[in-house]
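Listed features, source TrEMBL:
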- Cys36-Cys60: disulfide bond (DISULFID)
- 1-69: domain 'FZ' (DOMAIN)
- 131-410: domain 'G-protein coupled receptors family 2 profile 2' (DOMAIN)
- 136-158: transmembrane segment (TRANSMEM)
- 170-190: transmembrane segment (TRANSMEM)
- 220-248: transmembrane segment (TRANSMEM)
- 260-281: transmembrane segment (TRANSMEM)
- 305-329: transmembrane segment (TRANSMEM)
- 349-374: transmembrane segment (TRANSMEM)
Amino acid sequence: MVNLQCSPDLRMFLCAIYAPVCTEYGRMTSPCRRLCLQAKSDCYQLMDMFGVSWPEEMDCNRFPDCDEPYPRPVDLLSSSDTAESPISVQRDYGFWCPRELKIEPELGYSFMGVRDCSPPCPNMYFTREELTFARYFIGVVSIVCLSATLFTFLTFLIDVSRFRYPERPIIFYAVCYMMVSLVFFLGFLLEDRVSCNAASPGRFRASTVTQGSHNKVCTLLFMVLYFFTMAGSVWWVILTITWFLAAVPKWGSEAIEKKALLFHACAWGVPGVLTVTLLAMNKIEGDSVSGVCFVGLYNLTALRWFLLAPLGLDVVVGVVLLLAGIAALNRVRMEIPLEKENQEKLVKFMIRIGVFSILYLVPLLTVIACYFYESSYRTIWETTWVQEKCRDYHIPCPYKVSYPNCVKSI
């Protein structure tokens with residue numbers, strides 16, 4: 001009937017029923033009875049010809065009498081015609097999970113606060129060229145690190161007596177990062193086969209990031225990587241403790257070695273508790289950049305409490321003990337007269353401590369700074385990504401994207 005154009009008012013009347021205009025106050029207004037009667041009168045003869053009755057839901061008695069005809073001509077203008085209208089009602093609807101990123105409810109996935117949803121693979125924030133470069137860069141660095149730490153450990157095995165306390169924690173520190181580099185090397189070889197779920201075009205599912213512990217290989221990679229990352233940072237603190245005990249109260253190797261059981265309990269126990277806690281909380285997430293599984297990649301709470309907090313605490317405690325030990329050794333060198341040979345040995349020992357500490361702290365502080373930066377800007381990155389992809393995924397676009405020093409209206 002619309003195509004036959006039986007009434008000039010029919011299209012306007014149907015639009016007012018099935019696609020009503022929302023006023024600036026959020027109310028929907030029904031079409032006027034006068035408009036209904038006019039459309040019914042114009043089309044009655046054509047409807048009678050085809051044996052079609054006027055639908056019950058369009059009964060004109062259901063609609064109100066209007067002083068002003070509704071819908072008004074201004075209500076039917078296109079968006080380009082109303083761009084200069086002084087009244088503009090826009091709002092954010094939050095993140096709606098696209099159908100392509102939906103996950104079965106029993107897996108317990110979540111993304112941007114929405115349950116049964118998962119981030120897309122490949123990574124949301126990088127191009128394929130950037131991801132390829134990052135993957136090979138991580139692979140090369142992991143091989144170098146694996147070679148260096150393995151050489152240190154093998155050197156220790158050849159002559160165990162050479163590495164006594166207070167230097168012994170360096171060996172366990174090297175073992176920890178040997179395992180970390182090994183996991184990243186495995187991630188380089190596996191690419192995204194473990195960190196991402198395969199796409200399912202038949203079910204309109206895109207490739208998404210692996211979450212939780214249902215993927216056994218992903219869970220194993222996470223356990224090894226997180227456990228030894230935290231253990232390495234704890235062994236750094238223990239190393240500064242042993243140096244402090246040797247420098248300030250002047251403990252000998254034998255006295256420090258008597259505390260070895262306590263050192264091992266802390267170094268392996270604390271990371272073990274944190275790892276089990278994360279497993280119980282189901283906070284494992286795949287990293288489509290490196291191919292491994294870790295924590296805090298998409299969950300800000302996990303990032304802050306299970307990465308930033310323990311690593312930051314380890315750095316603060318370690319630096320305080322390190323500076324106290326170096327200050328004590330320097331005071332010994334300045335106040336107590338030593339033979340020239342002993343004086344040179346003490347200076348060399350202080351230099352070795354300083355060089356090793358710098359080589360450890362600079363990369364670690366860089367990583368912590370990156371975590372802080374990511375924690376501060378993650379929400380902006382996610383909102384910007386939604387803004388860029390909302391039309392592709394057919395979900396509501398954000399009204400505003402906030403930046404640190406400005407508000408950008410989209």
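From the backbone N, Cα and C atoms, a Cβ is placed for every residue, glycine too.
Any TrEMBL annotation is an automated prediction that lacks curation.
Against the transmembrane segment (349-374), stretch 305-329 shows more Cβ pairs under 8 Å than any other of 136-158, 220-248, 305-329. Cβ atoms under 8 Å from those of the transmembrane segment (170-190) belong to residues 135-136, 138-139, 141-143, 145-146, 149-150, 152-153, 156, 163, 221, 224-225, 228-229, 231-232, 235-236, 239, 267, 287, 290-292, 356 of the same chain, restricted to positions at least 6 beyond its ends. Under a cutoff of 8 A between CB atoms, and with a sequence separation of 6+ in the same chain, the neighbours of Cys36 (disulfide bond) are Phe13, Met58, Cys60, Phe63. For Cys60 (disulfide bond), the Cβ neighbour count at a 10 Å cut-off comes to 18, with all displayed protein chains included. Helix first, then strand, then coil: DSSP counts for the domain 'FZ' (1-69) stand at 33 helix, 2 strand, 34 coil.
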